[in-house]
Every structure is written in structure tokens, then in C-alpha cells.
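Written out below as C-alpha cells is the structure these notes cover.
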Amino acid sequence: MGKKKNSNKSAAAAPAVKHNDRWSSIELGEAKSAAVSHYKEPSKEPKFVHPAKLEKVKRIHDGLNIDRVLSHGPVPKQNGGTKRKHVEVTTQKLENKKPKVEVKKEDEKSKNKKMKNQNKHTALVQNETSTRSTYFVEEPDNENKVTLISNGREIAFKKTEVVESDDEQMIGLDSDEELEDEDETDIDEDEMMIDPKDIERYINFESVEDEEDMEDEEIEDEEFEDEEFEDEEEEADEQEEEEEDVSDEESVVSEMDADSDDEGFIAGKDREAHVISKDKFTRNAPAVDFDKFPFTDEDSVVTSSRAFGFMISPCDVQTFFDKFYQSNVLVVRRKQPTYFGNLFSTARLGELLEKNHLEYGRNINIAQYKNGVRTTLNGQGRAYPQIVKQHLHNMCSVQLVNPQTYDDRIWYLCEVIQEQFGCFVGANTYLTPAGSSGFAPHWDEIDAFLLQVEGRKYWRVWAPESAEEELPLESSDNFTEDDMKGREPVFEGWIEKGDMIYIPRGYIHQARTDSKVHSLHVTVSTGRQWSFANLMEKVVPEAIGVLTDTRHKLRRGLPTGLFDMGGVIDLDYSQEDHFVEKFKMVVDRHMSMLRNLVADQLLESSVDSLAKEFMKQALPPRLTEQEKKLSVLGSSTNLLGDDLVDFTARTKVRLIRRHTQRLLMESEDACFISHRINNSRLFEGRPEQIVEYPISGIDAYRVLSNSYPEWRTLYEIFSLRETKTKSRKENLAAIQLLFQIGVLLVKN
């Protein structure tokens with residue numbers, strides 16, 4: 001090596017001569033920095049940072065920095081995957097756009113490594129305080145040969161001219177005009193002179209694979225990230241456009257759905273009631289004894305189907321739901337007065353008045369319809385039998401609002417039918433003296449099955465006149481005779497003892513008795529507040545909450561000048577041209593996201609929410625004596641006896657009903673049982689029945705639910721693959737809990 005100079009001054013004064021030792025040019029300050037050879041001096045002007053660079057995806061976390069994943073919301077996208085995608089795409093773009101620099105390497109291995117690393121993102125960092133440097137050194141013996149010395153490593157190159165295409169866009173390198181404007185030091189290819197200050201500049205290559213690749217990695221330009229974020233903005237714009245297209249398509253679909261609501265609607269008299277009469281050759285069925293649980297089967301769903309089939313017979317269940325349910329009136333004329341057996345009677349109503357504290361308004365209504373006006377004549381406090389008798393003598397009708405609360409037979413019928421409809425089923429009874437009427441024309445918010453148990457009644461029923469009147473969610477006010485003039489009923493005729501008439505929700509109806517015979521009918525009602533509208537009332541607020549937490553655009557402020565964009569009143573709004581772009585289209589996109597969220601993630605949980613609501617409102621099951629004996633309720637229990645309920649391997653267990661309980665998830669690691677075993681027979685008369693259930697017992701519950709109505713021994717349950725993931729102790733504790741809350745039958 002040459003002799004090291006002691007000062008910068010002496011180094012500057014030394015003649016520019018060529019040396020055989022390549023290191024001497026560095027010591028003499030004759031070597032040209034690689035940074036100066038290939039890159040201009042960094043600009044001293046403040047660098048503009050695109051706002052997109054500063055945006056970060058915010059995670060939902062609590063004060064302990066624990067990431068939370070919403071149970072119903074989409075999982076937040078991780079930055080890593082998106083970043084890698086943009087790096088790959090943008091790098092490929094750079095390869096196609098950057099100038100072609102033809103440099104022939106003598107080291108073939110280094111060439112292969114460089115080709116390999118061209119697809120990777122390498123950061124350019126300039127740190128003036130670092131000690132590592134990279135230099136080009138001219139070979140003394142060969143003017144066409146240049147050696148790159150980087151951190152102690154040497155790579156030989158042959159000098160070639162840089163060939164640039166005029167048609168290709170410059171990416172990362174400055175144009176010739178920019179180099180002239182920057183007053184760069186001209187590069188002398190013969191002497192490779194360099195300013196000593198440039199010696200301190202260096203390039204730090206960030207290795208992607210290992211340290212050996214560091215020497216050959218390609219230097220990326222400073223504009224790489226700007227280009228990347230421009231691509232991200234373009235993709236974001238494309239995504240916004242796609243959302244707009246989807247929103248437009250869904251808006252069209254929504255409009256088509258709205259138009260289809262009126263298609264096929266048959267108004268008023270054009271609808272026809274269907275009357276089914278019993279064939280004269282069909283033998284009468286024996287009278288039903290409701291005290292003997294006539295429809296009960298091992299499977300509660302089968303029990304429900306039997307009871308409902310009995311109520312509408314001879315129409316079968318499937319035909320009813322296909323042809324009549326919530327669409328047309330069905331009249332069944334059986335010519336069998338004893339068909340409903342001992343379901344209810346006037347004598348039974350007298351017993352209930354005598355033995356129970358029935359109050360006006362709460363349990364009993366007294367009504368009269370005379371000269372086109374309905375009058376309510378309720379008293380105060382308890383309705384005593386003798387007072388009710390006087391009202392009947394005065395041509396008033398008596399309505400028992402909730403007979404299922406006090407009468408076991410009506411309770412049984414309503415309770416078992418609940419599993420057919422999946423919602424609360426209640427009842428009313430109407431006792432009307434001969435030659436009178438108890439109510440004005442009106443419609444109800446429920447589907448009504450009128451069972452004529454005594455006397456006869458003359459009915460008139462009118463169908464809805466418009467789609468707006470179809471299937472209302474609230475009862476109507478009373479209509480007058482003038483209101484009904486000109487409207488032709490879809491059904492008008494007598495309903496005799498043993499007959500049934502089904503009146504869909506929203507059909508106006510009115511009835512009067514025969515001048516010589518009183519009338520008593522039981523109305524079994526279902527479907528109250530049980531519609532898709534009620535479902536959406538529960539799901540949409542939850543979906544809005546989830547979407548608000550996960551979509552920051554929904555949390556943005558409303559556009560400025562909104563009040564000048566539009567309104568209901570036709571005014572000259574100064575910014576009306578911006579209404580669609582800045583308001584309507586944005587709202588449409590949010591509605592599209594809301595619709596997708598509900599459809600993709602919240603429908604299943606909404607079923608659980610409805611089941612939970614059903615468990616709170618539904619009637620409790622009316623158990624047979626055998627079911628009581630095998631359940632926690634007991635029957636004729638000897639409190640001092642030794643016959644305790646024991647759980648052994650041979651003990652058989654079974655759920656008490658298919659839909660008496662529901663296992664619900666509160667979170668990923670917590671669940672509970674909602675049930676109706678202890679519900680009041682008065683609508684929502686007791687608090688909701690909820691019991692915490694161990695998460696370890698889900699598999700055991702699943703086995704019991706899937707095997708219903710079959711009995712399974714504990715040995716069979718514990719031997720199944722589903723339950724072997726938990727210990728027998730955990731499974732047994734979960735099963736015992738089901739017995740303790742009353743939803744499990746146990747047979748030793």
C-alpha cells in the first residue's frame with residue numbers, strides 16, 4: 001500500500017498520478033464515490049411525505065393492549081399481507097419501467113445473485129455518521145476495468161455506456177437536465193476524481209436473505225415508496241368504484257324487490273275464501289279428551305304437528321301452509337258438534353270466575369256493539385260471577401283474555417302448538433248471548449283460528465284492499481258501518497259448533513249470534529310481533545354497531561353544505577348538484593356494506609336472538625305425570641324416601657322437549673342456557689330464565705340435542721368421540737346441571 005498522508009492539504013497538493021496499488025487512490029482522495037457516480041447529491045429541500053404513508057390500520061384494543069376480535073365483525077386485515085402484495089406488484093412495475101443499464105460482471109455468481117434480488121424491496125439509507133463506504137477504483141493496468149470496493153469486498157466491472165430509451169419512463173434516476181441543474185461534479189472516466197468530502201458518504205444495503213447477498217443487492221430509488229402509495233391510492237379508488245357499482249346494482253335489486261311487492265297482490269273481493277266440508281261418508285272421530293294429553297308423542301315436534309292438524313282437519317298441515325297461511329281465509333265445516341270435546345265451555349268459564357281472581361281489563365272484558373257503536377263496560381277490580389251474569393243478561397259479550405293462564409286444557413293446546421310456529425301462542429274466549437254482537441268490524445295483528453265450541457255465529461270477513469293493509473303489525477281501530485259500505489266480503493256465513501275458521505292477520509271481520517242461540521268460541525292466536533320486520537328491528541341496530549366499529553368511513557362527518565344539497569320541499573338548493581355524489585352515493589355504499597354484513601355474519605346469531613325471545617315469552621310445557629316423575633319437578637315425591645336420583649353408567653337421559661331450552665353463546669369462552677320450564681302462564685309474568693352453562697359441557701349438550709327424542713345412557717354419551725375431548729367429570733357435571741334446571745329427564 002502507499003504511504004498514508006497526514007493532512008487533507010498535502011493530499012490536495014499531490015499530483016494526480018496513477019498507482020499500481022488500488023488502495024492508494026483512496027488514500028490520495030482520487031477514488032470516486034459510488035454514490036456520486038450513480039446518484040445525484042440529495043436535495044436539501046424538505047421532502048414531501050404523502051399522507052397515505054402516515055395512515056395506519058388501527059386495532060381495537062383495551063387499556064392492556066390486548067387485541068380484541070369482534071364476535072360478529074369481520075377480522076381486521078393485517079398490514080403484512082397487504083404490504084407484501086403491493087411490494088410484489090410495484091417491484092414488477094419498476095422492472096418494466098426503469099432504464100436499462102448494461103453492466104457486464106466478471107463474477108457470474110454475483111450476477112445470478114443480483115438477478116435473484118431484483119424482485120425484492122431494498123431500502124436506501126444515507127447516514128453521514130457511519131464508517132462503512134463504497135468506492136469505484138480504476139485499474140491502473142486496464143482503463144476499461146473498474147473495481148467496486150464495498151465494505152472490504154471487491155467486485156470487478158467493465159466500463160460500458162449507459163443506454164437509455166427515450167420512450168421509457170425514468171423511475172428512481174434523474175434525467176440529464178436535472179443533473180445539469182444540480183451542478184454536479186463532472187465524472188472524468190480517465191482519472192475518476194472525487195471530492196474528499198464525498199468519501200464519508202456511503203450506501204447501506206439492507207440484506208433480505210443473508211449477509212452474503214448484501215454485497216450484490218440492487219439499490220432502489222428514493223421514489224419507490226411514493227410510487228407504492230400511488231398504487232395503493234389507485235387500488236383504493238378502484239375499490240371505491242367497485243363498491244359504487246355494487247351499491248348501484250343492489251339499489252336496482254332493491255327497487256325491483258319493492259316493485260315486486262305489488263305484483264300478484266289480489267285486492268278485496270277478488271280473493272276467495274276456501275270452504276272445506278266433511279265428506280258424508282267419513283266417520284266422525286271420537287270426542288277428544290284434553291285431560292289425557294291426546295296429542296303427546298315422544299317427539300315434541302310431532303306432538304305439535306298432531307295438535308295443529310287436529311285443529312284444521314280435514315285440511316292437512318302442509319296444504320294449509322302452502323295455500324292459506326297469511327293469505328286466504330279457510331273455513332272448515334265438520335257437521336260434528338262434539339269435535340272439540342271438552343276443550344272449553346260456558347260452565348268452565350263460570351268455574352274460573354269462581355275460583356280465580358280475574359280482574360276487569362286484565363283478564364275480563366265486557367263489551368257491547370249496538371247501533372254501530374262498540375262500548376266497553378268494564379267494572380273495577382275483580383269480575384265476580386254474578387256481575388258477569390248480569391252483563392250477559394243485558395246483551396253484552398264477555399271476553400276472557402288469557403284462558404291459557406287458568407285452564408289446563410287450553411294451556412295444553414296452545415303450548416304444544418308453539419313448537420309448530422316457533423313463537424308464543426295464546427288464546428281468547430268469547431261468550432256472546434243470543435241476538436247480539438260484541439265488537440265492531442276490525443282487523444287484528446295476529447293470525448286467528450276460531451274454534452266454535454258452543455252455539456253458532458254469523459261471520460263476515462273482508463280481505464285487505466291494498467298492499468299497505470296486508471299483514472299489519474298493529475290492530476286497527478273500529479270501523480263503522482259506513483266504512484264498510486261498498487266493500488264485498490270474501491266470506492259470509494254461519495260457523496256451527498265443531499267448525500273452524502282461519503282469519504289471516506289484517507283481514508277485517510265482524511260477527512253476530514243467532515237470535516235464539518248463544519255463541520262461545522275459542523280464538524287461538526299466533527304470529528304476534530313475529531315477522532321479518534321484527535327480525536330486522538333486532539338485527540339492524542346490532543349490525544350498525546358492528547359496522548361502525550370496523551368501518552372508519554362510517555364514522556366520518558357529514559358533508560359540509562348538506563342542507564343546501566336537497567330536501568323534501570322543492571327549493572333552489574345551491575349545492576343540489578353535489579347531492580348524489582357527496583351524499584346519496586356515500587349512503588348507498590354504507591347500506592351495501594350493512595346489507596353484506598347482515599347476510600354474511602349476523603343471520604345465524606339473529607336466529608339465536610329470536611330463540612332467546614321465544615324462551616322468555618312462551619308458555620311453559622304442560623308435563624305428563626310420567627314426565628314430572630322423571631324430571632326434577634317430581635310426582636308424588638316421598639321426601640323421606642331413599643329413592644334418590646342417581647347418575648351411573650347405565651342411567652338413561654333425554655331432553656324434556658326439543659324446544660324447551662336453547663344453548664346460546666355469550667362469547668368465545670362463555671355460554672348459557674335459556675329455557676321456559678319455569679315460565680309463568682301469564683305472558684312474560686316472570687323474569688327470563690337464564691342459567692350459566694360450562695363451556696366444557698357443549699359437546700355433551702350437542703349429543704343430547706342431536707339424539708332427541710332417543711334415550712342415551714351415560715356410558716354411551718361418555719364413549720362418543722365428541723365427548724372424549726373432555727373428562728367424564730366435566731361431562732357429568734354439565735348433564736347434572738341440565739337435570740337441576742328442569743330440562744332433562746333421568747331414568748335409572
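Keep in mind that glycine also has a Cβ here, set from the backbone N, Cα and C atoms.
Per Swiss-Prot, Fe cation binding site is recorded for HIS442, ASP444, HIS509, and the stated evidence type is sequence analysis. The number of other CB atoms found within 10 A of the CB of HIS509 (Fe cation binding site), across every protein chain shown, is 20. According to DSSP, HIS509 (Fe cation binding site) is assigned to a strand segment.
As annotated by Swiss-Prot, compositional bias 'Basic and acidic residues' applies to 94-110 (among others).
Summarising the annotation, Swiss-Prot assigns compositional bias 'Polar residues' to 124-134.
Residues or ranges marked as compositional bias 'Acidic residues' by Swiss-Prot: 163-193 (among others).
Annotation comment: Swiss-Prot describes 194-203 (among others) as compositional bias 'Basic and acidic residues'.
Residues or ranges marked as compositional bias 'Acidic residues' in Swiss-Prot: 207-264 (among others).
The feature domain 'JmjC' is assigned by Swiss-Prot to 399-543.
Taken from Swiss-Prot, the feature region 'Disordered' applies to 65-135 (among others).
For 160-264 (among others), the entry in Swiss-Prot reads region 'Disordered'.
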Lowest local Cβ density among HIS442, ASP444, which the record lists as binding-site residues, within 10 Å: HIS442
Rounded mean pLDDT for the residues that make up the domain 'JmjC' (399-543): 95
HIS442, ASP444, HIS509 excluded, remaining Cβ within 8 Å of their centroid (Fe cation): PHE439, PRO441, TRP443, ALA448, SER475, SER476, ILE503, TYR507, ILE508, GLN510
The domain 'JmjC' (399-543) - residue tally per DSSP class, helix then strand then coil: 36 helix, 49 strand, 60 coil
